[in-house]
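Enquirer: My questions all concern the structure below.
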Amino acid sequence: MLMISILYSLFPPLLFPSLLAAFGASIAGGIVGSYIVVKRIVSISGSIAHSILGGVGIALWLQYQFDLPISPLHGAIASAIFVAICIGNVHLKYHEREDSIISMIWSIGMAVGMLCISKLPSFNSDLADFLFGNILWVTSRDLYFLGILDLLIVATVSICHTRFLALCFDEKYMALNRYSIKAWYFLLLILTAITTVVLMYVMGVILMLSMLVLPVSIACRFSYKMSSIIFTASILNICCSFLGIILAYILDLPVGPIIAILMGIAYSLSLLLKRSCNTSTPSPVSPESKINS
């Protein structure tokens, strides 16, 4: 309630739904993005993110062609989870061909989405919204659904944080404690899939990786502790998202590209700041960090 009161007092009421959606997406991106960067599965998350367009396109086409009560958000979540499971199987069973198969899934997902969207009467408008984001027009129904997804992400990570750390740093630890590495890996990919859907409304399909990766990369330059990285990345996401929404509203420009540019500027400034401190740049997170940190 305090956050809602602050948003109402600081920003125009018209922007409140967009800012609320951006706040939830920023938290999700900061949390899950930290595990993605540390586990070094950015390319896998990129494939999941871009394959979402296939589910969005199919949902829009079914909605237009057969008047079915299916929203693009439903299509996005279904395709994201499906692709995450497919890529997880590829990673675990066909590691030597992983890059080629992931690239194929990435390409097919986007191709299917673009073909379906091309059959819609408002091709250019819809394609731009889902490629580059259009959070300024988020509906209350979408906001509730995004809130549920965000709560699911936060609750899961709060319960499973130690297991995810073990998965990222020490799989032998998991094996010795008889935890299923495969099951936890799939859970992380599914969380990544859900997060990409949440970020789709802020950044669009093409630019959402900047919200997953860049804030975490900035945070990793100044901290070794996972909890600090998650907190810093989430704050950076919130700041860049809020500023991007306000600038987009004032300048009448797409939100996603502005946020991506702000993220890039923040990353460049972090490089300069780190260099000015004359300290060596740390690796994303030290393997010697405690598993329960």
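Cβ from N, Cα, C; glycine included.
Dumping what Swiss-Prot says about this protein:
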type	residues	note
TRANSMEM	18-38	transmembrane segment
TRANSMEM	41-61	transmembrane segment
TRANSMEM	68-88	transmembrane segment
TRANSMEM	101-121	transmembrane segment
TRANSMEM	142-162	transmembrane segment
TRANSMEM	186-206	transmembrane segment
TRANSMEM	242-262	transmembrane segment
Enquirer: Is the number of Cβ-Cβ pairs under 8 Å between the transmembrane segment (142-162) and the transmembrane segment (68-88) three or more, considering only pairs separated by 6 or more positions?
Expert: yes
Enquirer: Could you pull out which residues elsewhere in the chain have a CB under 8 Å from any CB of the transmembrane segment (186-206), counting only those six or more residues past its ends?
Expert: 21-22, 24-26, 28-29, 31-33, 35-36, 39, 41, 44-45, 48-50, 52-53, 56, 73, 76-77, 80-81, 83-85, 87-88, 110, 129-135, 138, 142, 146, 149-150, 152-153, 156-157, 160, 164, 167, 212, 241, 254-256, 259-260
Enquirer: What else in the chain is close to the transmembrane segment (101-121), if you only count residues 6 or more beyond its ends and a Cβ gap under 8 Å?
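Expert: Same-chain residues near the transmembrane segment (101-121) but 6 or more away: 43-44, 46-47, 50-58, 60-61, 64-65, 79, 83, 86-87, 90, 94, 127, 130, 205.
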